[in-house]
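For reference, the structure is listed below as structure tokens.
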């Protein structure tokens, strides 16, 4: 079982590493490519667009051909794209490389969740996804630090060579350690069960909405945090970095505690707790009389996301034993596109950073609480504890 957990964690971590590691080198990249930092900030959106594009087909291919035939090309593409970015001499070529990086990371991301659905029952999967969420929270803190240390001695291109090295590690794991987990091709008698695994299932759609809103909350916080903490609250850059590191610490602590909480409380209880924390955070930020209270509200955001997201993802994947890849893709596309759409619309309408965060917190909590309370899970699908190997 450990091989599947190690491979899944490695496959997922390409996604945040591709986002966070290069940011520290952005000023030098812009200077070398004769572009402004503002022009290259679009590289974040281009990377997410690549991920979303990969998710359109990766899940279906993973369900038809297997997990490895998607993971291996995905890791290989991430390696090639990282090298391409390091060799880029214009901003257009750099952005093209970032799109290809997103494609590779998106393929790996989809496969990771499909593998966990294949190999773990509902309760164990919720625990593992919570742990995975905690590990993912480390990357936004460690990646810029690692990038800074690399750039003390080497040029910015070394950041992408480091990403390529990470991709090589994932490729080796996918080639030599990962075993195929896709369930055997459905027989005629399995067709009714396959057809019953509809993406229009009310329970699945409710979890898509809940996880998309939750991701929108955390990405809105990440996007608005420089404005909130430095421009509005007046913290210096060093203090901002410290606060963000502390919020990551809160996220990790709660994420690593959630598996133990699942041994005591029902998943539904933790999901309700998550949304109550979001609601409390929104109200706290709305009425906050001081910076200290506002910072407390921010910690509630991190705790709320960490306690509920892994559980909600596990529940979303639960109904799909034969279409786990497609379900994973659907979740990823909804989360990437939904959160990006909200942030873009809020900016176009002219909603301030503070109100943008408060608005999504309150909307997420109210909608999600209603869905949790009124949309019950259907008949549970048998878990795939036994791995099906293919010749």
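Including glycine, each Cβ sits where the backbone N, Cα and C put it.
The transmembrane segment annotation in Swiss-Prot covers 4-24, 42-62, 69-89, 93-113, 131-151, 158-178, 203-222, 245-265, 269-289, 293-313, 331-351, 356-376 and is backed by sequence analysis.
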Range from 69-89, 245-265, 293-313, 356-376 with most C-beta pairs under 8 A to the transmembrane segment (158-178): 69-89
Maximum Cβ pairs under 8 Å to the transmembrane segment (131-151) - stretch from the list 4-24, 93-113, 293-313, 331-351, 356-376: 4-24
Stretch of maximal Cβ-Cβ contact with the transmembrane segment (93-113) [cut-off: under 8 Å; candidates 42-62, 203-222, 293-313, 331-351]: 42-62
Positions on the same chain near the transmembrane segment (293-313), where near means CB under 8 A and six or more residues out: 113, 126-134, 137, 207, 210-211, 214-215, 217-218, 221, 233, 243, 246-248, 250-252, 254-255, 258, 261-262, 267, 270-271, 273-278, 280-282, 284-285, 331, 361
Distant-in-sequence neighbours of the transmembrane segment (203-222), which means Cβ under 8 A and at least six residues beyond its ends: 140, 271, 274, 278, 298, 301-302, 304-305, 308-309, 312-313, 315-316, 319-320, 327, 330-331, 334-336, 338-340, 342-343, 346, 356-357, 360-361, 363-364, 367-368, 371-372, 375-378
